[in-house]
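Colleague: Next up is a structure, given as structure tokens.
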Amino acid sequence: MDFIRAIILGIIEGITEWLPISSTGHLIIADEFIRLNQSAAFKEMFDVVIQLGAILSVVVLYFHKLNPFNKLNPADKQKTPREIQLTWRLWLKVLIAALPAAIIGLPLNDWLDKHFYHFVPVAFMLIIYGVAFIVIERRWVPNHEFSVMDIDRLPYRAALYIGLFQVLSLLPGTSRSGATIVGALLIGVSREVAAEFTFFLGIPVMFGASFIKILHFFKNGNSLNLEQFGVLLVACLVAFGVSMIAIKFLTDYVKKHDFTFFGKYRIVLGIVLLIYAAFKAFLG
């Protein structure tokens, strides 16, 4: 039964990791109705490590763009020295953007999980950023031209600003992609570049978060049995496959549409969650 639940959770992760609607928020919601029959320690680790499947989809889809070494894949189109230089610069921008979340998130990770990993905080963050998306798209973007239309022209300073916005996503329900896209739009980065840079920024952030959770899991004396390994593997594989579709969808979507729809979705979901939380509290 846990393998079926793992498939469902993998689908949820694959869809919500890249759309600006909060994968963590959706997994918290899913846990209320689709609970794995596993220990609390495993479930805590599962919710983070499942992201590895999602992030591997970015590596596969954008391998040529992200790979600075021609010899890694001789069958791939060879890069010019200029293209290799741009790839190294892109990685430097990604690392610069990842630093704020690493510096601030590491010491606060356990405290944030303890105090904000619940329905009500998630609901409020869904609503707040939903409103932010709508206001930015309707009030800010129409009055400001995009100054960055190509990811290779993204300034290092802009990468740092986007990284600072990513810190806000440490609060469950915010959405890592949502926070970075909001920040990117506010500093004049086009929707396409904002989405693409968000994909790349997820690589060090999510690999790092997964490594820390795995380390924490074993450091606390837990062990991973064969069934748990299988559940985790199935969820990651499903998240990988679904993420491939979600990334393609979002890259095509932002070429013709803005993020208003996602803002409305977040607000509706947040309100439904608050009603559910109130109803649950009333029933005791």
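Cβ coordinates are placed from backbone N, Cα and C, and glycine is handled just like the others.
I grabbed these lines from Swiss-Prot:
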- 7-27: transmembrane segment (TRANSMEM)
- 44-64: transmembrane segment (TRANSMEM)
- 90-110: transmembrane segment (TRANSMEM)
- 116-136: transmembrane segment (TRANSMEM)
- 167-187: transmembrane segment (TRANSMEM)
- 197-217: transmembrane segment (TRANSMEM)
- 229-249: transmembrane segment (TRANSMEM)
- 259-279: transmembrane segment (TRANSMEM)
Colleague: What residues elsewhere in the chain lie close to the transmembrane segment (7-27), defined as a C-beta under 8 angstroms and at least 6 residues from its ends?
Modeller: 34, 36, 46-47, 50-51, 53-54, 57, 122, 125-126, 129, 133, 172-178, 181, 198-199, 202, 234-243, 245-247, 250, 259, 262, 265-266, 269
Colleague: Which residues of the chain, 6 or more past the ends of the transmembrane segment (167-187), have a CB below 8 A from one of its CBs?
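Modeller: Answer is 17-25, 28, 97, 100-101, 104-105, 108-109, 112-113, 116-117, 121-126, 129, 132-133, 136-137, 140-141, 158, 161, 193-195, 197-198, 201-202, 205, 259, 262, 266, 270.
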Colleague: Would the transmembrane segment (44-64) count as touching the transmembrane segment (197-217), i.e. at least 3 C-beta pairs under 8 angstroms with sequence separation of 6+?
Modeller: yes
Colleague: Output the single range from 90-110, 116-136, 229-249 maximising the number of Cβ pairs under 8 Å to the transmembrane segment (259-279).
Modeller: 116-136
Colleague: Using a Cβ cut-off of under 8 Å, list the residues of the same chain at least 6 residues beyond the transmembrane segment (90-110) that approach it.
Modeller: 65-66, 68, 151-152, 154, 156, 159-160, 162-164, 166-167, 169-170, 180, 197, 200-201, 203-205, 208-209, 212
Colleague: What else in the chain is close to the transmembrane segment (229-249), if you only count residues 6 or more beyond its ends and a Cβ gap under 8 Å?
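Modeller: Counting only partners 6 or more residues beyond its ends, the transmembrane segment (229-249) has Cβ contacts under 8 Å with 2-3, 5-7, 9-11, 13-15, 17-19, 36, 38, 46, 49-54, 56-58, 60-61, 199.
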Colleague: Would you kindly list the residues that approach the transmembrane segment (116-136) from elsewhere in its chain, counting only those six or more residues past its ends and only Cβ-Cβ distances under 8 Å?
Modeller: 20-22, 24-25, 28-29, 32, 171-175, 178-179, 182, 185-186, 259-260, 262-267, 269-271, 273-274, 276-277, 280
